[in-house]
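Taken from Swiss-Prot as is:
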- CYS20, CYS24, CYS27: [4Fe-4S] cluster 1 binding site (BINDING)
- TYR26, GLY65, SER115: S-adenosyl-L-methionine binding site (BINDING)
- CYS243, CYS246, CYS260: [4Fe-4S] cluster 2 binding site (BINDING)
- 4-221: domain 'Radical SAM core' (DOMAIN)
Amino acid sequence: MEDRYGREIRSFRLSITPKCNLKCFYCHKEGRNEEHGKLMSADEIGKIVKSSLEFGVRKIKISGGEPLLRTDLPEIIENIKDDQIKDISLTTNGILLEKYAQKLKDAGLDRVNVSLDTLDPEQYKQITAGGNIESVKKGIEKAIEVGLTPLKVNFLAMDCTINQLPAIMDYCRKIGAILQVIEFIPMEEELKHHHIDVVPIEEEIGKKADQVFTRKFMQNRKKYIVDGLEVEFVRPMDNTEFCGHCTRIRLTYDGYLKPCLLRDDNLVDVANPLRNGEDIRKYFIKCIEEREPFCKAQ
């Protein structure tokens, strides 16, 4: 199904918990800055995802909070699996990944994205309020070992981390990971000074690239191959290309469909209607009808 702007719905991002075992100073909590309603069960998540298939969803991204804190995560993945779904991936901080990688693979998870903003152990502790970077590295190694690949490293480009980019690139190249350089979206006034313009950085990477591809169904973002390393840039801020080619809807941990990454004022309740025995397809239609590019071309 397409929205009013001709954008197909192909991807569904599921936040399955607000809880996290780190406390990164920049975290936007998927747009839900306070704990709200009841957490969805594994069965409810499965039913909502199965309903989404009718509207064109073919890729699932699981996130949190930290999704590995849910002990029923393997069950959630098993409930999501369907022949129509081409890809189930998960975004994690990696702290618990070494422990659970094999179980997730066995349940049907295809691949993981791991957040890693620095390779400096002390800086990592500062950013995450006490996290152990060695646990993350071991988790990455285990994920690759069991086949949760292609593994992507999510690097958040900020004023305090950008000097780590060359080292992160070398690390990803060494382990065979894809690197995603993500623009920081400051959700609070006191964090705005951490934002940096990643356009010049992307342009510099582009000059060094051996090959450049365009990902049509991922906001038309570019993919650069630099000395064997695959690098992508995710630039949501003031980006008409990002918004104009968005194919994703989202589900909050408490059961609301979220039409737009950058808005929290047009959520559509789907969990409570499901619990009341309603046909939830009309709520997907409402969500899709609510979709519009946050940044529109002039």
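Just so it is clear, glycine is given a Cβ too, placed from its N, Cα and C backbone atoms.
Taking the features listed in Swiss-Prot, we show where each one sits on the structure.
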residue	record	DSSP (3 states)
CYS20	[4Fe-4S] cluster 1 binding site	coil
TYR26	S-adenosyl-L-methionine binding site	coil
GLY65	S-adenosyl-L-methionine binding site	coil
SER115	S-adenosyl-L-methionine binding site	strand
CYS243	[4Fe-4S] cluster 2 binding site	helix
CYS260	[4Fe-4S] cluster 2 binding site	coil
Message: Within 10 Å of its Cβ, which one of these binding-site residues (CYS20, CYS24, CYS246) has the largest number of other Cβ atoms?
response: CYS246
Task: Compare the C-alpha of TYR26 (S-adenosyl-L-methionine binding site) with the C-alpha of each of the binding-site residues CYS20, CYS243, CYS246, and give the closest one.
output: CYS20
- request: Check each residue in the chain of SER115 (S-adenosyl-L-methionine binding site) that is at least six apart in sequence and keep those whose C-beta is under 8 Å from its C-beta; list them in sequence order.
  value: THR91, THR92, ASN93, GLY94, VAL153, ASN154, LEU156
Query: Where CYS27 ([4Fe-4S] cluster 1 binding site) and GLY65 (S-adenosyl-L-methionine binding site) are concerned, what is their Cα separation in Å, rounded?
result: 9
Field: Sparsest-packed among the binding-site residues, when each Cβ's other Cβ atoms within 10 Å are tallied, from TYR26, CYS27, GLY65, CYS243, CYS260
entry: CYS27
Message: Can you tell me the CA-to-CA distance separating CYS260 ([4Fe-4S] cluster 2 binding site) and CYS24 ([4Fe-4S] cluster 1 binding site), as a whole number of Å?
response: 23
Field: Using Cα positions only, nearest of the binding-site residues to GLY65 (S-adenosyl-L-methionine binding site) (CYS20, CYS24, CYS243, CYS246)
entry: CYS20
Query: Using an 8 Å cut-off from the Cβ centroid of CYS20, CYS24, CYS27, can you name the remaining same-chain residues around the [4Fe-4S] cluster 1 site, in sequence order?
result: LEU22, LYS23, TYR26, LYS29, GLY65, GLU66, ASN93, THR128
- request: Identify all same-chain residues not among CYS243, CYS246, CYS260 whose C-beta atom falls within 8 angstroms of the centroid of the [4Fe-4S] cluster 2 site's C-beta atoms; report them in sequence order.
  value: PHE242, GLY244, ARG248, LEU261, LEU262, ARG291, GLU292, PRO293, PHE294, CYS295
